[in-house]
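> Structure incoming, see below.
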Amino acid sequence: MANNQLGVLNALDAAKTQWYHFTAIVIAGMGFFTDAYDLFSISLITKLLGRIYYTNENHPKPGTLPPNVAAAVNGTAFVGTLAGQLFFGWLGDKLGRKRVYGLTLMLMVVCSIASGLSFGKSPAGVMTTLCFFRFWLGFGIGGDYPLSATIMSEYANKKTRGAFIAAVFAMQGFGILTGGVVALIVSASFDHAYKAPPYSVNPKDSTAPEADYIWRIILMFGAVPALLTYYWRMKMPETARYTALVARNAKQAAADMSKVLQVELEAEEEKVETASSSNSFGLFTKEFARRHGLHLLGTSVCWFLLDIAYYSNNLFQKDIFSAIGWLPKAETMNAIHEVYRVAASQSLIALCGTIPGYWFTVAFIDYIGRFTIQLMGFFFMTVFMFALAIPYHHWRSNNAGFLIMYSLTFFFANFGPNATTFVVPAEIFPARLRSTCHGISAAAGKLGAIVGALGFLYAAQSTNPAETDQGYPPGIGVKNTLLVLGSVNCLGIFFTLLVPESKGKSLEELTGENEEADGNDKQQASSTQTLPV
């Protein structure tokens with residue numbers, strides 16, 4: 001196999017860490033920065049939307065989004081993301097990674113701005129246009145998942161590939177934090193400029209008319225980082241692995257990577273033909289099922305289970321904080337100050353748990369491996385979820401302890417499966433199917449996010465009908481919901497056993513793409529199926 005390895009791919013695998021690696025991380029990472037900002041900023045403004053559009057001034061509590069509206073506002077971006085992951089994942093393998101890379105970014109820019117310009121004569125009209133634009137925003141975000149991961153994996157060297165892909169994904173942490181910081185700045189500015197009494201004092205005046213600008217500014221800011229990187233994204237050359245192994249143009253691959261690596265590389269057309277002819281099976285074939293079927297099942301189910309817990313926790317932090325008394329009761333605040341308090345709480349969690357977890361993965365993934373980090377992450381997420389749920393009533397009187405434990409669930413999600421489920425599908429599938437398989441795995445994750453987002457919306461409601469949010473039926477309560485999420489994480493431990501370790505191996509080693517078409521082919525292919533022990 002080594003004899004048949006293309007020189008240009010050998011050069012990429014053996015390359016020392018260079019400036020172009022960091023450039024690629026920033027260009028791809030800013031897409032993920034934008035993705036996280038756009039997806040999670042909605043949780044900062046849903047309480048404000050409820051106050052602006054659904055408040056009944058005769059009711060003792062401020063308005064909240066009705067259940068069906070809250071489900072649509074929280075869920076439409078995820079549905080769009082799921083569709084985008086499948087579509088752009090497939091398109092990235094058909095047309096090339098670079099060709100569709102700019103399209104996803106422009107879609108995010110346009111739809112971020114359009115989301116902030118949502119209009120309508122009635123609350124239903126505003127929510128409908130907001131959901132429409134957030135669906136297409138999600139569609140663009142979905143494309144960024146398989147394309148960014150695949151591009152980074154195909155650019156990276158063998159030694160530090162995991163860290164490079166994880167660093168792209170780690171930009172999500174900064175996107176989440178920036179969403180909180182932007183909301184803090186905007187809400188603090190408006191709260192200072194437009195003084196309003198708490199809802200309990202004056203329901204009508206507690207929501208200043210200018211508050212309608214706050215959520216629009218927060219959503220529209222998501223276009224800024226995407227716009228800043230568009231030019232550089234268009235300047236990136238197509239990856240050598242796509243050009244050589246899929247487009248079968250060794251000459252172009254050598255020319256592109258000669259510029260990137262600043263060395264002379266020889267085009268090896270005959271090796272391209274050999275590699276291509278010996279590995280031409282499609283996604284829906286017995287050969288793919290034999291070689292990679294369990295891998296795809298493992299990456300998809302692990303991502304699905306992870307996102308049920310991760311997104312339900314992230315999107316509904318404000319509800320958990322309210323339930324334990326960390327946020328004041330809504331009626332004791334005005335609308336703008338409530339945005340400030342929610343943003344401050346979420347920013348603190350991002351700073352204490354989310355961001356450190358991402359960068360621990362970047363630091364250790366190429367030393368202890370993807371498999372170990374994922375297994376460890378699912379295990380500790382299970383432990384801390386149960387530790388929050390079982391003595392739940394104790395934590396209601398110990399906010400500092402709850403914050404520490406809750407932050408640790410995010411830490412081990414990100415120093416764990418939230419990062420590795422993104423990294424591994426970009427490494428273990430053949431080049432001509434890599435983007436598609438990553439898209440399928442990611443789409444399974446977003447299906448989990450939809451289940452988590454909609455399920456938590458109803459499940460976390462109090463068992464006491466008098467304490468539920470307006471319009472919601474009684475649920476199973478936050479305690480029982482945390483128990484369910486802990487059980488989901490426990491399942492992730494077992495499905496991780498289907499995912500192979502990819503640390504320290506070249507992409508072609510993992511997929512068998514440079515095998516000679518002889519009797520050794522099957523023997524070598526089966527070696528890539530070995531599960532970690």
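A Cβ is built for glycine as well, from the same backbone N, Cα and C atoms used for every other residue.
Automatic prediction, not curation, is the source of TrEMBL annotations.
A quick note: this is a predicted structure, and the numbers were derived from the prediction, not measured.
The following feature annotations were taken from TrEMBL:
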- 20-45: transmembrane segment (TRANSMEM)
- 24-504: domain 'Major facilitator superfamily (MFS) profile' (DOMAIN)
- 65-88: transmembrane segment (TRANSMEM)
- 100-119: transmembrane segment (TRANSMEM)
- 125-142: transmembrane segment (TRANSMEM)
- 163-190: transmembrane segment (TRANSMEM)
- 213-232: transmembrane segment (TRANSMEM)
- 294-312: transmembrane segment (TRANSMEM)
- 348-368: transmembrane segment (TRANSMEM)
- 375-394: transmembrane segment (TRANSMEM)
- 400-424: transmembrane segment (TRANSMEM)
- 436-460: transmembrane segment (TRANSMEM)
- 480-499: transmembrane segment (TRANSMEM)
- 507-533: region 'Disordered' (REGION)
- 522-533: compositional bias 'Polar residues' (COMPBIAS)
> Would you mind listing the long-range same-chain contacts of the transmembrane segment (125-142), meaning Cβ under 8 Å and 6+ residues beyond its ends?
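Those are 34-35, 38-39, 42, 49, 53, 65, 69, 72-73, 76-88, 103-108, 111-112, 114-115, 118-119, 439, 442-443, 446, in sequence order.
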> When each of 20-45, 65-88, 213-232, 348-368 is checked against the transmembrane segment (163-190) for Cβ pairs under 8 Å, which one has the most?
20-45
> Taking all residues of the domain 'Major facilitator superfamily (MFS) profile' (24-504) together, what is their mean pLDDT?
88
